[in-house]
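K.L.:
Mind having a look at this structure? Questions to follow.
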Amino acid sequence: MTALNDTERAVRNWTAGRPHRPAPMRPPRSEETASERPSRYYPTWLPSRSFIAAVIAIGGMQLLATMDSTVAIVALPKIQNELSLSDAGRSWVITAYVLTFGGLMLLGGRLGDTIGRKRTFIVGVALFTISSVLCAVAWDEATLVIARLSQGVGSAIASPTGLALVATTFPKGPARNAATAVFAAMTAIGSVMGLVVGGALTEVSWRWAFLVNVPIGLVMIYLARTALRETNKERMKLDATGAILATLACTAAVFAFSIGPEKGWMSGITIGSGLVALAAAVAFVIVERTAENPVVPFHLFRDRNRLVTFSAILLAGGVMFSLTVCIGLYVQDILGYSALRAGVGFIPFVIAMGIGLGVSSQLVSRFSPRVLTIGGGYLLFGAMLYGSFFMHRGVPYFPNLVMPIVVGGIGIGMAVVPLTLSAIAGVGFDQIGPVSAIALMLQSLGGPLVLAVIQAVITSRTLYLGGTTGPVKFMNDVQLAALDHAYTYGLLWVAGAAIIVGGMALFIGYTPQQVAHAQEVKEAIDAGEL
């Protein structure tokens, strides 16, 4: 013990006699992005754990946002039966989410620029998660619709902010390309999962279709807090008034169309809702003309080609949404499919739409956008015409049902690509982001607006044929037959809307070269090369 102490004492005396050398100064550690942080003992051929965590956090929100726009479709009949919803209330379970999601999307993106994208993203995910709990415990129509409205607000805050976080979290090159690809893939995966997983969970209880969001949301919040970094804040005046007025105008219009068939088109509540929609729309135009940072810059609408393109995008989004909802309700209400079978039966539609998107992406540089859009519109028209004549109670899945949804899916996919690229054709580099966001907003808002009209047609036709509204479990054979004919009659209106989209495309004057250039610029931006 003494020898040990003497040794220690000798070492200390030797080190004390040496000249003192200050420790070298380490450069301050800069804040690193998720893909730049080294992982000691982690295989170099695999993405880093930080990269994976960031991708899961950002891509997960896009997955949930897409899932919840489709999951309610297969759950609607059971929700209507358990909560005794009217047909108007049933439609609101879907449209409430899409209205606030689409209407507040642009505001959500700018909110991230103003107060920080990481903070905004976490707030949006938290609101979405809490709203999912409220959806699951809803005890009547009002609470469920309010919870769905809140869910849409959460998605509108988190989803566009998540896309912006891809650019600030991952450096240019393979890391950002991979993250962008994952983010884009979540849309397609979410569409399928919303139908299949939603259908499977609905077989147990429709409430589980919303509760499944809760653990995923909590994991995303944790990963976002640990794997994402905060961005610089910009001083920007938010056009909250414009975004709220636009959402209010669309909501009031949808409400008027949804209650018109049951309450009467000349009833006080229907006319009042229409007047509110008109007043909100006029106020929106006035506000946008004077706003410092308008949600919708009106100078983008001075180009006739772009104005027609935006109108076609609005209607095409409505056609796609209405087709999905109408077929989803038809196979359960009339054909008696279970929720799971209905969800699985829709997978060919998603695959067909992907095929249409791929084919159109290859042809868009060779043919003018009007040719591809008209071709897609006529494919959809033929599919809906076929469905209106050959779909009836007791028909087999193949070919009577699978034929129209596959052909219709290809048609929609063919029309979407040229319309989306036409929206950004000829605009400046700094305007591509805002114009793309406006196109996405119009596509989202087109869904509830067109569905409200189609649902009003179906309800009016049902009542005209001696049927009734409400849960199908209370209907007799005569009333079910009336509802059957009303659904197929509604498909004729969807077919008519597809023809109108094709007619609008006749007035789109962009050339294949302009659209091909827009496609190249967009791909370069998505890849982080510009």
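Yeah, the Cβs are placed from backbone N, Cα and C, and that goes for glycine too.
Sharing the record's features from Swiss-Prot:
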{"type": "COMPBIAS", "residues": "1-11", "note": "compositional bias 'Basic and acidic residues'"}
{"type": "COMPBIAS", "residues": "28-38", "note": "compositional bias 'Basic and acidic residues'"}
{"type": "REGION", "residues": "1-38", "note": "region 'Disordered'"}
{"type": "TOPO_DOM", "residues": "1-50", "note": "topological domain 'Cytoplasmic'"}
{"type": "TOPO_DOM", "residues": "72-91", "note": "topological domain 'Extracellular'"}
{"type": "TOPO_DOM", "residues": "113-119", "note": "topological domain 'Cytoplasmic'"}
{"type": "TOPO_DOM", "residues": "141-150", "note": "topological domain 'Extracellular'"}
{"type": "TOPO_DOM", "residues": "172-180", "note": "topological domain 'Cytoplasmic'"}
{"type": "TOPO_DOM", "residues": "225-239", "note": "topological domain 'Cytoplasmic'"}
{"type": "TOPO_DOM", "residues": "261-266", "note": "topological domain 'Extracellular'"}
{"type": "TOPO_DOM", "residues": "288-306", "note": "topological domain 'Cytoplasmic'"}
{"type": "TOPO_DOM", "residues": "328-343", "note": "topological domain 'Extracellular'"}
{"type": "TOPO_DOM", "residues": "365-370", "note": "topological domain 'Cytoplasmic'"}
{"type": "TOPO_DOM", "residues": "392-400", "note": "topological domain 'Extracellular'"}
{"type": "TOPO_DOM", "residues": "422-437", "note": "topological domain 'Cytoplasmic'"}
{"type": "TOPO_DOM", "residues": "459-488", "note": "topological domain 'Extracellular'"}
{"type": "TOPO_DOM", "residues": "510-530", "note": "topological domain 'Cytoplasmic'"}
{"type": "TRANSMEM", "residues": "51-71", "note": "transmembrane segment"}
{"type": "TRANSMEM", "residues": "92-112", "note": "transmembrane segment"}
{"type": "TRANSMEM", "residues": "120-140", "note": "transmembrane segment"}
{"type": "TRANSMEM", "residues": "181-201", "note": "transmembrane segment"}
{"type": "TRANSMEM", "residues": "204-224", "note": "transmembrane segment"}
{"type": "TRANSMEM", "residues": "240-260", "note": "transmembrane segment"}
{"type": "TRANSMEM", "residues": "267-287", "note": "transmembrane segment"}
{"type": "TRANSMEM", "residues": "344-364", "note": "transmembrane segment"}
{"type": "TRANSMEM", "residues": "371-391", "note": "transmembrane segment"}
{"type": "TRANSMEM", "residues": "401-421", "note": "transmembrane segment"}
{"type": "TRANSMEM", "residues": "438-458", "note": "transmembrane segment"}
{"type": "TRANSMEM", "residues": "489-509", "note": "transmembrane segment"}
K.L.:
Is the count of Cβ pairs under 8 Å between the transmembrane segment (344-364) and the transmembrane segment (181-201), pairs 6 or more apart in sequence, 3 or more?
P.N.:
yes
K.L.:
Summarise the model confidence on the topological domain 'Cytoplasmic' (1-50) as a single mean pLDDT, whole number.
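P.N.:
A mean pLDDT of 46 is what the predicted model shows over the topological domain 'Cytoplasmic' (1-50).
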K.L.:
With pairs restricted to those 6 or more apart in sequence, evaluate whether the transmembrane segment (51-71) and the transmembrane segment (240-260) have 3+ C-beta pairs under 8 Å.
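P.N.:
They are not in contact.
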K.L.:
Between the transmembrane segment (92-112) and the stretches 120-140, 181-201, 240-260, 371-391, 401-421, work out which stretch tops the count of Cβ pairs under 8 Å.
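P.N.:
So the stretch in question is 240-260.
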K.L.:
Which stretch, 120-140, 267-287, 401-421, 438-458, tops the Cβ pairs under 8 Å count with the transmembrane segment (204-224)?
P.N.:
120-140
K.L.:
In the same chain, who gets a Cβ under 8 Å from the topological domain 'Extracellular' (141-150) while lying at least 6 residues past its ends?
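P.N.:
Distal contacts: 72, 79, 83, 85-86, 89, 92-93, 96-97, 99-100, 127, 130-132, 134-135.
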K.L.:
Of the listed stretches (181-201, 240-260, 371-391, 438-458), which one yields the highest count of Cβ-Cβ distances below 8 Å with the transmembrane segment (401-421)?
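P.N.:
By the under-8 Å Cβ criterion, the transmembrane segment (401-421) pairs most with 371-391.
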K.L.:
Excluding the flanking five residues on each side, which residues at least 6 beyond the ends of the transmembrane segment (240-260) place their CB within less than 8 Å of a CB in that stretch?
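P.N.:
Same-chain residues near the transmembrane segment (240-260) but 6 or more away: 88, 91-92, 95, 99-100, 102-104, 106-107, 267, 269-271, 273-274, 276-278, 280-281, 283-284, 287-288, 291, 294-296, 445, 448-449, 452-453, 455-456.
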K.L.:
In the same chain, who gets a Cβ under 8 Å from the topological domain 'Extracellular' (328-343) while lying at least 6 residues past its ends?
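P.N.:
Hits for the topological domain 'Extracellular' (328-343): 73-78, 195-200, 202-203, 206, 391, 393-395, 401, 472, 480, 483-484, 487.
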